[in-house]
Amino acid sequence: MAESAPARHRRKRRSTPLTSSTLPSQATEKSSYFQTTEISLWTVVAAIQAVEKKMESQAARLQSLEGRTGTAEKKLADCEKMAVEFGNQLEGKWAVLGTLLQEYGLLQRRLENVENLLRNRNFWILRLPPGSKGEAPKVSRSLENDGVCFTEQEWENLEDWQKELYRNVMESNYETLVSLKVLGQTEGEAELGTEMLGDLEEEGPGGAHPAGGVMIKQELQYTQEGPADLPGEFSCIAEEQAFLSPEQTELWGGQGSSVLLETGPGDSTLEEPVGSRVPSSSRTVGCPKQKSHRQVQLDQECGQGLKLKKDTSRPYECSECEITFRYKQQLATHLRSHSGWGSCTPEEPEESLRPRPRLKPQTKKAKLHQCDVCLRSFSCKVSLVTHQRCHLQEGPSAGQHVQERFSPNSLVALPGHIPWRKSRSSLICGYCGKSFSHPSDLVRHQRIHTGERPYSCTECEKSFVQKQHLLQHQKIHQRERGGLALEPGRPNGLL
């Protein structure tokens, strides 16, 4: 029964028929199903890939945006710094611009003041330093009082020489006040300076001159009481005397006063009353008895006299003319002029009274010691002995040869005749013209030209030019006598 069951089953299978329509339908269904599933999967994968790409692009854009924001922040910080710097620079520029505007205003004021001064023809005020605020230069009251104000019409009516005189007077007054430091001071100091000037002017012997000429105000006069080597002992600030009238000139020259004429060291101090002067631009002042030994140019005559003060540094005084001297030798030279020995003339210079340096008389020493061989003479016996040794060393023929070759007055001779420090130009060979620093070198050189060999050996009759060569040759003979063999290749002597 068991065996028959599978057989039956086989039979059933064989008995069922297979239709062709059922198989293709199932295959198509399956294939369509698989195709749809594959398509859906690929679309999903593609969508996922597209999303991933979008994400990557968005991430890149986000990173670029972050970088841009960082750079923008940096630029913003730099811009803030630049804005601060520009603000500081603008503040400095504004400050500079403000100072420039102020200076421009001052320059405009000065230009206006200069134009006004040029219109009024006050050219001398242009030399004054301008004010701190650009105002016109301030002139002291004394200078304003000295000046004379002219209108344009009056100035045009003046002649050229009057205009020039006015300019010179105002310039001189200005220079005087500047030198006295009156200008540029406060009003109190300026008034004090003018009061001092007025007091000094009132003390002077000269007052106001009578009318009849152009009056020129005399300024301050100083007397320098310092040492004698100062540039000037007195100075007088005054105008030229050519503007004074003849009457004023006589009155000017007739005042009795004295003038101090200080000189440098070694010169004399002269005194002469002013009353004996001649009113001229230059005059010679000197000793009363000898007309003068020093010419003093008086370019400007001073109205105030200066009293003579004795100088303690000049103790020697002449009893006749009362001139003092610094040195006793100057006084002795001056006294000779009074006695008539060596009267000094006005043409003699002022250095004639100065002490001259004493020079020792250079006496020639007699040459007493003479050489018998070459007839040379010497002042010392030691030099002669040294010279004779040279003759003994050079042999008997050397003295005769030297005597024939050199004249007695020649500079080229043996070492005993010439000092060691002679110039090379004096030691020249007469044969070839070569120069030598020592006479012995010249003698050896000239033996080459003459062929002379004064040093000869007594044993082998060889002769040599120098004594040193002879001594070396004699050592060879000494070795031969001692039985010492000569070294091979060594010469027997120097010929």
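For all residues, glycine too, the Cβ spot is worked out from N, Cα and C.
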*Between 1-29, 436-464, which stretch does Swiss-Prot give the note region 'Disordered'?*
1-29
*Sort the residues of the zinc finger (455-477) into helix, strand and coil with DSSP and give the three counts.*
11 helix, 4 strand, 8 coil
*Do you know the DSSP helix, strand and coil residue counts for the zinc finger (369-391)?*
11 helix, 4 strand, 8 coil
